[in-house]
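First up is the structure itself, then whatever we jot down about it.
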Amino acid sequence: MLKEKKDKEKNIYMIPKILKSSKSKSILKKPKWLKIKLPSNLKKINKIKKILKKNFLHSVCEEANCPNLPECFNNGTATFMILGSICTRKCPFCAVTKGRAQKIDKNEPKKILDIVIKLKLTYVVLTSVARDDLKDGGAKHFSKCIYEIRKKKNIKVEILVPDFRGKEKIALKIFNKFPPDIFNHNIENVPRLYSLIRPGADYIKSLNLLYQFKKICPNIPTKSGLMLGLGEKKKEIISVLKDLKSVGVSIVTIGQYLQPSKNHLLVQKYITPKEFKNFEYIALSLGFSKVFCGPLVRSSYHADRQYLSF
């Protein structure tokens, strides 16, 4: 069991001792290929941060401490995190704040559309915290955002959704009426490590969510992502890729897990660029339409390019 550490500001949760830094377990040194060069001009980055803050909106880029934030913000792109900034789950790999969920901002869909227009975006990615407190898991709010954004023509919408634990049927019924252009749900890692990495989630149910969406919306691409470096084995990764292919997933992303803070899971291994290239080859050989592999690859990193190349 994960023991909650009382910290009202950061809402940090204690993780198992075997995965925390200690004298017996040294922290792996970050390799050179993971070093990021900050852009010289921070004007666009600060502009997006200011706009989001002013409208009380959130980006997963900021909330999850994404390493690609400087590049994405500098290119004028961001992944909107809807339904608040506090997650009802306690996944020990994730930097997003955990705790009691916030009240839904009913004006959020319109606020997002305003920003989309202001930033002249043509591709929008929506994601959310897990909302186990809601009867539909937050699916209706996703659909409202999709509906609002599509008031502006020629904008593609990708959604990266939680697993809607116990509310999958309700959520899928809603998405059938208001489908996105790409449906994304991250499998994250291998089933053997699920109880450690995704407590409260279920590997088979995540696969089934992807399968059921594809069943009701066969013409809409489905997508999923993995993060490596948490102790998984190569054969397990290949097995997960085969499972994803079997449920109709056509786009897959594979990146390196990076420890957000000392209070999160330790990195067990840094995967080399060569190894990522090998996984890309394996995934393509399994029949995926598009595969994006690399140390800094994230589910919504260059999502617009992923869609355009589909």
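Backbone N, Cα and C define each Cβ position, glycine as well.
Under the heading [4Fe-4S] cluster 1 binding site, Swiss-Prot lists Cys61, Cys66, Cys72, Ser300, citing sequence analysis as support. In the three-state DSSP scheme, Ser300 ([4Fe-4S] cluster 1 binding site) falls into the coil class.
Under 8 Å, Cβ to Cβ, and six or more positions away along its own chain, Cys91 ([4Fe-4S] cluster 2 binding site) finds Ile197, Arg198, Pro199, Gly200, Ala201. Per Swiss-Prot, the feature [4Fe-4S] cluster 2 binding site maps to Cys87, Cys91, Cys94; the stated evidence is sequence analysis.
Under the heading domain 'Radical SAM core', Swiss-Prot lists 73-289, citing sequence analysis as support.
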Compute the mean position of the Cβ atoms of Cys87, Cys91, Cys94, which form the recorded [4Fe-4S] cluster 2 site, and then list in sequence order the other residues of that chain whose Cβ is within 8 Å of it.
Arg89, Lys90, Pro92, Phe93, Ala95, Val96, Lys98, Val129, Ala130
Looking at the binding-site residues Cys87, Cys94, Ser300, which sits with the largest number of other Cβ atoms within 10 Å of its Cβ?
Ser300
Reported as an integer number of Å, what is the Cα distance between Cys94 ([4Fe-4S] cluster 2 binding site) and Ser300 ([4Fe-4S] cluster 1 binding site)?
16
